[in-house]
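Working notes, structure below.
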Amino acid sequence: MSMLFYTLITAFLIGIQAELHSESNVPAGHTIPQAHWTKLQHSLDTALRRARSAPAAAIAARVAGQTRNITVDPRLFKKRRLRSPRVLFSTQPPPEAADTQDLDFEVGGAAPFNRTHRSKRSSSHPIFHRGEFSVCDSVSVWVGDKTTATDIKGKEVMVLGEVNINNSVFKQYFFETKCRDPNPVDSGCRGIDSKHWNSYCTTTHTFVKALTMDGKQAAWRFIRIDTACVCVLSRKAVRRA
């Protein structure tokens, strides 16, 4: 919006300069009609009203829609170094967090390009038995509306929400895990001896390969996402008599 405003102001100043230039070339005894100035002012007011009335959501939608025109070669997803179990390109929403152990679902008649074997790794994961608890409570969700992220150099980059692959629009999803509550119990982490330890739960991060915008082209970058919830401990100071 600010860029459009400055553009309109620049056009207005150029118009004024043009009018002044034409006025200097007018023969003596003649004046510029007031109608010219009125018309110029009216044009500027109309343009400014249209700029202010344009919904921000509509402008954002047009910008987001441009990513659909970015075509990606599907052969890129066959490179093992670009795969990540936490990044998924799909034409439909992935299963809920409770069902993320199986990513072998069909998408538009074909499996996702970067589908992984998370189910094989998760099948051997121990199931919590009755009476067993985690020191921290976490929640895992598929995030499909990520627009910006921090890359491995600490710079904020634009994340591609959608790309065109084989004439189909695929959305980029990220499987993120974060803490549900920094203090699951009053003393901090669950099961920690609060008499001798201070504790709290915190979300940790890792870097995954994701498609981002580099100028007007798509580029792979390492971006930071939430991946775990861990307990942080610090020993309490010993009080000496």
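Just so you know, glycine gets a Cβ as well, placed from its N, Cα and C.
The 1-acyl-sn-glycero-3-phospho-(1D-myo-inositol) binding site annotation in Swiss-Prot covers Tyr173, Lys209 and rests on similarity to another entry. Taken from Swiss-Prot, the feature 1-acyl-sn-glycero-3-phospho-L-serine binding site covers Lys209, and the record attributes it to similarity to another entry. The disulfide bond annotation in Swiss-Prot covers Cys136-Cys201, Cys179-Cys229, Cys189-Cys231 and is backed by similarity to another entry. Sequence annotations record features per position, and here Swiss-Prot assigns N-linked glycosylation site to Asn69, Asn114, Asn166. Sequence annotations record features per position, and here Swiss-Prot assigns signal peptide to 1-18.
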Entries of Cys136, Tyr173, Cys179, Cys201, Lys209, Cys229 which, being recorded positions, have CA atoms within 10 angstroms of Cys189 (disulfide bond): Cys136, Cys201
Cβ atoms near Lys209 (1-acyl-sn-glycero-3-phospho-(1D-myo-inositol) binding site) (within 10 Å, other residues, all chains): 17
Mapped DSSP class for Cys179 (disulfide bond), helix or strand or coil: strand
Spatial neighbour of Cys231 (disulfide bond) that is closest, considering only the recorded positions Cys136, Cys179, Cys201, Lys209 and their CA atoms: Cys201
Cys229 (disulfide bond): nearby recorded positions from Cys136, Asn166, Tyr173, Cys201, Lys209, Cα cut-off 10 Å: Cys136, Cys201
Proximal residue to Asn166 (N-linked glycosylation site) among recorded positions Cys136, Cys201, Lys209 (C-alpha distance): Lys209
Spatially closest candidate among Cys136, Cys179, Cys201, the listed disulfide-bonded residues, to Lys209 (1-acyl-sn-glycero-3-phospho-(1D-myo-inositol) binding site) (Cα to Cα): Cys179
